Ligand SMILES: [Cu+2]
């Protein structure tokens, strides 16, 4: 397979994301990376659970968290996971324009999630004086949720770069694996969020 | 260059399969939303006993994550044996880590 | 864009130093990256060795004042940290990088770019850590950096520890993923899993351990970083923090780490025993199974480092039993090696001597491992020289001897020269005797109650002679290392170019040139069984059957971006360390990050399609 076939294929195979060795490598490499991320987040979750009642006289999770905002954030992120499934559906049907459209929606949903998270953090800081430094609970909360937020931010930046880079040249065997790995990463962010809202917010409310 | 859309390699069979796949994904999305609503409702209503509520929350989270992995990330499909092994391995290491930090920090 | 540097397949005859330097800065070739790992690792190994000698000089006589107490703390911390993270790990990664692709018939690793990024992160992380010597003192909280000692240690030493290890650790994690994908996706036709050489198998399983263990260290370091640099309260008991969290995270990483250090050399020893006994490895399948079992159990035993911390009898018992269970698969391996030699035509050259010397040394380390795993007894051993003796018997008697064995065995393949045998024997005997002199006596020093990490010991408490013997042994080990270095320089200058297969080898790496061309084989070989080269030899072919006719070879392009990214993170690391003193350092922090992110952006936007070596070019090159 030469470079021209890679970039301007006359016809695409059924799964363009796994047609080349590079594509297969990227696919497997990303999955393994997610395996490592599982331990990374587990360490953060473990730390958070160990410290979640160490409020040092500051506000506790029952006082802080409101369920409405978290529920909206959850729905936003879950929906963005579905929209990126749609994007991959169109990729497999070789419909580049629709894929870009759904990816764009995914990015917007991610951005609005991020906006709400920033609002949430500033709310805690200004209204309750609850900061990264106020207690071990504060440090653990902002670190865990912030790490997740950081992953969302990185994902959005990644998405913007590959969308703009490939906007004018359509789907090919070189960029299909990139879109595919992005979507896997994005789903994984959603997986982590499911545990964030369960462990941090819902368990925090239950006590 | 953008004329990739119509190609001879994409048969009707594949299109049909993709469509069915997408339908299953929408259904799993609906189930995920439902389990999220149940989880929030359990906490918001406050009717349930604490231990039982936490237990149920974790089951709901696990189910939801399973949908995410097996349907959205296609782990149920062929060629995903190694990803599955790695995620299960990671989950096992993750479980041990959380266990260590939660249960054994100070016995 | 001129950033992508196409590597010319035409061999340059004599190149200027600048050209060689540029070549290594931009290389993505697995063998050159292995060179960088091995040279980098050797440099830090010498540094760590000098630190070890300082320790032994200080403990030569009672109440010595060769160094101050504060400096002694820095030296012991840096000795441990350097030897584990900057010497042993990189040299092992270098061996894996050089040999594993050759053993499976691949032309390179799956992600050559990430491979280059990994090595530069290691080198710059190691340099960052060691910069601390010149700017206010090295870390002094022990290589384990237990909180709150590490969170309250004054100055910037521990900050350097955090940032240096964070960089090096990220590089290692990338290598782990890279090796896994390479082994799964890039094996030559016919190279099934059950035909892979054992070194490749142990590389595979070690990579899994890296993948699951290093993230725990990453998080631990982040927590320490946040506490020290940004006023977080993870380990601040006054604000509800808990110092034991650090110990858990560190050892959840730390125990798998000792298997990351030992499993690759188990693989190397298996190759050496088999080659120099002229026999197939005994119990190939059980070797793989035992490796997997060690890796699996290795994740469930971390708290045996914390028996005295107060976890209670139930937790202690569980971790104690799990630890002892690891002796079973390790024992299987020891007996398999012995059985491989049994009845073989054993050739006692220096590579084989290291392998034979390893067996009793490591077995003693394993036996004392069972002793320290016994909870009640461990209350006596804990934090004494008995523990020092135990882990040096496993890490020096296992990993370091394995590194020497592997380097001696694969030197012709990696550097194109066979090491001098006489000098090799001198290295082995001085190092082997020196090693046992240094550490065997330390068991008894520990049992007599000498605590670890103490700056001085008192006269006439029965510790004088033991420490003296130990220090003399350390110098003997140093002699062995120096002779090895002389050997390497000597053969480089005077030695003849090595043959492709100097040991009458059994595995695929011995079918390439020594050192291999950057594309490794003109035609990918077809694998027909375990010990595939030996199989062809016994069937009278003597060389591999090609799997396909001569065709164009696709190779990755070199790039300077991995180096730029690593430099960016290095600068950002300095920014993190010093922003607590002066807000101006935020410029370095954000500037460094910007450099790295920009390099990532360029990488993402630029099409890196690699290049082809054409059939005609391949034909033109002489066999
Ligand atoms: Cu251990």
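Note: Cβ is positioned from N, Cα and C throughout, glycine not excepted.
These numbers come from a predicted model, not from an experiment.
Within the set C:6-28, C:351-373, the record from TrEMBL flags C:351-373 under the feature transmembrane segment. Taking Cβ pairs closer than 8 Å, the transmembrane segment (C:423-448) reaches residues 56, 349-351, 353-354, 357, 361, 364, 368, 380-381, 384-390, 392-393, 396-397, 401, 404, 408, 461-463, 466-467, 469-481, 483-484, 486-487, 490 in its own chain, all 6 or more past its ends. The average per-residue pLDDT of the prediction over the domain 'Cytochrome oxidase subunit I profile' (C:16-528) is 95, rounded to a whole number. Relative to the transmembrane segment (C:314-339), the listed stretch C:281-302 leads the set C:198-224, C:244-269, C:281-302 in CB pairs under 8 A.
Within its own chain, the transmembrane segment (C:351-373) is flanked in space by residues 265, 269, 272-273, 276, 304, 320, 323-324, 327, 330-331, 334, 337-338, 341, 381-382, 386-387, 389-394, 396-398, 401-402, 404-405, 408-409, 424-425, 428, 432, 435-436, 440, 443, 503, which lie at least six positions past its ends and keep a Cβ under 8 Å from the stretch.
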